[in-house]
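Trainee: The structure follows.
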Amino acid sequence: MKAGEFCSRFRTDISDKLRTSSENMEKSLNDSISGTKIGKYFKLQARKTSFTTELRAATATFLTMVYIITVNATILSDSGGTCTVSDCTPPPSNHTTAVAPPDCMLKPNIGYDQCVSKIKKDLIVATSLSSMIGSIAMGAFANLPLALAPGMGPNAYLAYNLVGFHGSGSISYQTAMAIVLVESSVFLAIAVFGLRARLSRFIPRSVRLASAAGIGLFIAFVGLQGNQGVGLIGPDPDTLVTLAACTRKNAITGACIGGNMQSPTFWLGLVGFLITCYGLMKDIKGSMIMGILSVTLISWIRHTSVSIFPDTPLGDTRYQYFKKIVEFHKIESTLGAISFTSFNQSEVWVALFTLLYVDILATTGTLYTMAELGGFTDEKGRFQGEYISYMVDAGSSIVGSTMGVTPIATFIESSAGIREGGRTGLTAIIVGFYFLLSIFFIPLFSSVPPWAIGPSLVIVGAMMMKVIKDIDWNNIKEGVPAFVTILLMPLTYSISNGIIGGIGMYIALSLFDYGVGLFNWLIKMKKMVLKDQNQVSAIVAADRMVEVL
């Protein structure tokens, strides 16, 4: 035997022995856990799964949804959180009076930017904590392999519609959190009394489907803008929006004044977008985080045109905090930031209805989709843990609102874990512990730049568009309200406007059918009355003839 063949066979034998040993150890571990109280509680054997399978499934789920920690905190911090004019640094000429102009929140300001940076750290911790609580509760009580986190859509609606960019909206951050708290409490009551399915049927099907697509376009539009994303789209005085990605902007309006399509951060964000798309094309686990991570790592290099730490005092402060890497940050500003003083405004009740509507439909749709994928449903579409899962979702949202985040939702990324074989709540519990570990790396998560987040928002928006194939576009009564819903959400920068417009259009188009139906009913009633009158007249005439005879 040649030396080369001997070495090759030796390596093969060693590899086979190691693999066999590893498989035996894994089988022994799985058998020992399956026989314990934990294994019996989660029904590992009954659902034909094992501990190591659940561990792999949890890892896959976490890798595909870990992006939400940074994305959610970035979106919500764009609202300014609890920061106000009092946090702004006054101009040098006004230091004696310590008064800042009212519009300081909408312009670069060291004091206000530092406050927003602190808010973002709070929200990163709040996102991780609420995701941990929701996921562990879902696994422990409903025994389903579904991970929870603050949902995409409601966060953008709150940040850009209700509170507005840096507090420019009509509702304060504290009032918005009170709305989330009330909405979650109502949703919990609906779940307890089993009214969720009935309420969801009140909304026309075409509008329900279109809402998901409209929210997707809205999120993608946010990801293409400068402050929140890659900066491809910018304001224009003549056409409202235009192609941007410029190197120089007007400090007040944000409009480009030079260097269109020359922004280094935009082109870097585009590379991240392509990396994520390629990973999704090849069904690579964690493709979203790969794109974000690749852009972020390059942006952490100082003294470059794409650095998140520019050579400024604010950049130096951010870099010093970033170098800590590991730190436990205590939630301060957003914890318990709830106020009911503005509940007499009509905007509050519109927002409450919108969030409740989105919560009911999103939760219902996602849970049923995941249950179908995991093979949990019966012939009637029901699945074990359905009743409890809705209460867990609502209860987690109540807890999240007290920490400053938007409603918690079951993530569609849970499908990654289900594809890996996750079948029990053990998957969700392990995901929850992963979120717990992420709390200790706040300096890293708070240093992810907007141009790394923007591409993921665009991709999420693209994924949400697939529902439009289920809309009957050949039926004008279904197609037009759906189109109005999709169109109004990004163009009016309001999710609630899209929902109201779609429902209103559906009602308006239905009036014709109702009118025709009412007219036909009246004609039918008239014929019946005439028929009865004729019958009465005939009877009277017959009676008279009898009397005469």
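Each Cβ is built from the backbone N, Cα and C atoms, and glycine gets one as well.
Where the annotation comes from TrEMBL, it is an automatic prediction and has not been curated.
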Trainee: Pick from 63-87, 288-312, 388-412: which range has transmembrane segment per TrEMBL?
Mentor: 388-412
Trainee: Considering pairs 6 or more residues apart, do the transmembrane segment (424-445) and the transmembrane segment (123-151) have at least three CB pairs under 8 Å?
Mentor: yes
Trainee: Using a threshold of three or more Cβ pairs below 8 Å, and leaving out pairs closer than 6 in sequence, do the transmembrane segment (388-412) and the transmembrane segment (123-151) count as in contact?
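Mentor: Between the transmembrane segment (123-151) and the transmembrane segment (388-412), contact is present.
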Trainee: Determine whether the transmembrane segment (388-412) and the transmembrane segment (264-281) share at least three Cβ pairs under 8 Å, counting only pairs 6 or more apart in sequence.
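Mentor: Contact between the transmembrane segment (264-281) and the transmembrane segment (388-412): absent, because fewer than 3 Cβ pairs are under 8 Å.
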